[in-house]
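Going by TrEMBL, these are the annotated features:
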type     : residues                                 : note
BINDING  : B:179, B:205, B:224, B:311, B:446, B:451 : substrate binding site
ACT_SITE : B:224                                    : active site, nucleophile
């Protein structure tokens, strides 16, 4: 006992740092044209300095605006998920979004639905001209509590007088998304499409209850992860949904912090055509491929920020599974390794315990389209690019353990970044997952979340 | 940051106690007749006081002895699993067992197989008369390291001179099973069958990498959990396997410590007929039903000891799922709740955060034979029998949150034992899982296992 307590304290003393250095200013010109937004404190969260309400509006004409979304597949979808889904089903051209943090409005019955509709309608009424069912809704925070709806409605009115399109406005909105996040997650990029400069910008939040599986509305695919992406590309609603579904699978649906799927996970993208493009992008065109690639890469960029800011996370780990029969098999193995408590504690302890990686991979073998063959499996660590020696460290080669240079393993594992590469040797398909370690701080945060 | 560090320390200061009080003496007369066994230190573990080798032998004639087993379904089955499976396939009447702790002999290639066979043969040679392929093998410990086979073989020779049938001999064997366990897990019981007094006794080990799914040899069902059960009942090999498969599903396959499935999980039962029964028990008879019920109850008794001694565990939690369409659906929901990191940290923090229970249940809805209907689901806490008020505490009733008496919830959650009851409201089938909390100590133990 004494021995293990000594271990606890020695390990616990390595403090988890805030990741605020990952938040950087972005030139205001890099944000998509035609979006105005804000973030403010309306009173859902206790601390007056904590922003808890965001309002986002596209001013472009309705007929040039497309919206698409992916929602959690949890059976207990929260009221804002149900409401956003209904709005999107009736109107693929929704052009506004209202978001609160601090309370998830999940498992709140009819009253919760009424609250989500009230939020949506309040923003609709402030659009120019006033509209109906044009505003989607997101909420994140504690489950099973009702929203302080009066504070939120009053906050929406205040917010409407303070909408902006510069970096500070985007930053305020991103801050209003945050719960246990240690920094606002905001990124933007620019690329050319059909001779026009097109912009994508977006924000997301999430640090725990992160193992999304999200699908398009009323479909069957996993994330409390909230994400909003804006673009001034001109794209048709079906093409936008198609690109988003592809992008979400290879980004948000390929990350895990704790393996727990939320009732509220939602990614919403609004494209408003304000770039000046004249022809809307349609599925199957070269422009579509380019847009889908940019959107996928952008979603992966902001999804990875969530893992890096995972509750208590000290490590950012890429799990690459190659040589599988199908993408789904590769993704399943990568997901299982990424959620193993033993793998995640070994990463925290900087212990090259590859047996745990293997045991974890082997546990899903019987649910794969082609079972694993132990004699074909290889495992290696790919060192972080920050190290001078980035030669892969082989741990297992075709079922046979390598003699591991433990000193080198220690150096590799002491870095924040690491890639675990698993080669199955039975096919040509691959998948990537991003995960973090499981630390004392994770337990502290989640053993005492509500108080 | 400061705030969360304060939380960490205040929570961490509640020390995880050893569970040694759960180890109690058993009258030697309660152990099945005809078994002789021992446990000793042969040198796999570093500490000279740590037992690491057990030898168990049934002296009854071969033709009255039946053996049955359930093995891990992991693709990376360890050498001892492969060897025991082969022995059992050729000879359902195996009558001895050799077990080492400290090294799992898993992912050790051909050399590992040779080692496992050498252990088996060494005990075979010491049987009276000497036999072939009569000794099954189990190993537990670190993956990917070779056994110190000379030390083990020499230990087997020493052990053979020290076999006993009293409580102390059974206790030594049980101690040799242990890895991170804080007490030897040994139980015995007696009941009447066909007018004869029949005894069942057994031992198991395991505290981490516990989420078994074990099936009969070469079959398809999950556990490093090792268990050995001895009985002096007279029962045919197929009837014994049938009873064990049923028992394992409702005991070892219904527990979780960390959700990680091992490469070595093995349960072996040997029945030697030494009770004096004249007719062997066959499947489908009333005697079989009685024996199967006793075996299932016994396996559940020793399986629960593993959860109570789970790495870093302070809580013993029963997750009961009722009102499902099928047993498999109920079991899947119970398993998912039992492995949720957010549920387990909330239990550790003694936080009545039922939203996490619900989110977890909802995450598997789309893989059930009949999806969940949120408006039919109810959740309650059943207080430990140690409390004066054992009225269930309702948290959610048919989809609507209850106003929870947080003070009472606190009292209920402060006990070591708790039952989480989830009523799905869509069928008549139920399943039970046993799990523990996720503590700082779990992270300490597993962040630094090999050093």
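Placed from the backbone N, Cα and C atoms, the Cβ positions cover glycine too.
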For each of B:224, B:446, count the other CB atoms within 10 A of its CB; which of these binding-site residues has the top count?
B:224
Neighbour count, 10 Å Cβ-Cβ cut-off, for residue B:205 (substrate binding site): what number do you get?
27
In which DSSP state, out of helix, strand and coil, do we find residue B:311 (substrate binding site)?
coil
Cβ under 8 Å to chain A, applied to binding-site residues B:179, B:205, B:224, B:311, B:446:
B:446
How would DSSP class residue B:446 (substrate binding site) in three states?
helix
Which three-state DSSP class does residue B:205 (substrate binding site) fall into?
strand
